[in-house]
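Colleague: What follows is a single structure, and I will ask about it in a moment.
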């Protein structure tokens, strides 16, 4: 692992396997018992891009109080079970010392994970320590990453899986310039409750079309220099909306990525979208009027160009018809319907052979 990775540093006894309450040692095969739902949860976490590292204190391992051979048999069986089911640990880190030995490797000290911290391997924002003891949470704090305290009743493996993979896809962007003051907030997994106010009634309606047909919630508040014209208001709103959508999508793992829409009323609107990470716009629509309501028709293409710049998407968008109002509305509606397909979560894999979007 040369680049930074999302790593789960997982305790063994009491987290992966049941810790015997009598002597706290898994030193016989008949004492080996997996924690509930640990294997399917770890498999799903691997699919979500997490690497697995086991980090465990084993008091007095290799001494008369805990002979190495007593540890090896159940530990090796556990590892064989995990491997046979597709669960792969990149590393198994073991501290064999007693607490009174005052070693540098015993959790919550950093000795066992020193190589990961100094080698630039850890994605600090997304890596997690998982364990049942306070020392595991202290290790997480010392590593400057998140800690989750495992408890089979209140925070078992099903809950941990949900916590780490079902993240709220929300974002808020505030953009303030000399011309505009804008706040855009989106929630990609909620619908309805849109609150849009840009000072341009027709533009508000078009933004609502994107959110409604896109199947997500949008709040958009804009204070712009409309006493001059609508250029900065529309351009900066598009930039803020594209940025908010990109931030809410996160690493894009599990999304559909692509979308295609072909709505047909009296206008034929076509939209093809790829959340590719690369901005590109192909736009084809002609208008016979300079304005529709309070919206300059020349700003329609500029809106979508600005949006593709910050969303970093490839967008092909066209519409043909006789009524400018309907043409513009069909463009926004088609984009919304296409965006709905592209942002829909369909699994856990990243939809790219390159490993990044």
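Quick reminder: no glycine exception, Cβ is built from N, Cα and C everywhere.
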Colleague: Looking at Mg(2+) binding as recorded in Swiss-Prot, which candidate out of 123, 132, 163, 181 goes with 11, 13?
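Modeller: Answer per Swiss-Prot: 132.
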Colleague: Do you see any of the binding-site residues 95, 97, 103, 105, 132 whose C-alpha is within 10 Å of residue 11 (active site, nucleophile), and which ones?
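Modeller: Among 95, 97, 103, 105, 132, the ones whose Cα sits within 10 Å of that of residue 11 (active site, nucleophile) are 132.
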Colleague: Hey, which of the binding-site residues 95, 103, 105 is the loneliest by Cβ count within 10 Å?
Modeller: 103
Colleague: In whole Å, note down how far the CA of residue 132 (Mg(2+) binding site) lies from the CA of residue 103 (Zn(2+) binding site).
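Modeller: Checking the Cα atoms of residue 103 (Zn(2+) binding site) and residue 132 (Mg(2+) binding site) gives a distance of 21 Å.
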Colleague: For the recorded positions 11, 13, 132, which Cβ has the most other Cβ atoms within 10 Å, all shown protein chains included?
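Modeller: Going through 11, 13, 132 one by one, the largest Cβ count within 10 Å is at 11.
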Colleague: Return the count of C-beta atoms lying within 10 angstroms of the C-beta of residue 97 (Zn(2+) binding site), excluding that atom itself.
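Modeller: Its Cβ shell of radius 10 Å holds 20 other Cβ atoms.
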Colleague: Where does residue 13 (active site, proton donor) sit in the DSSP three-state scheme?
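Modeller: In the DSSP reduction, residue 13 (active site, proton donor) maps to strand.
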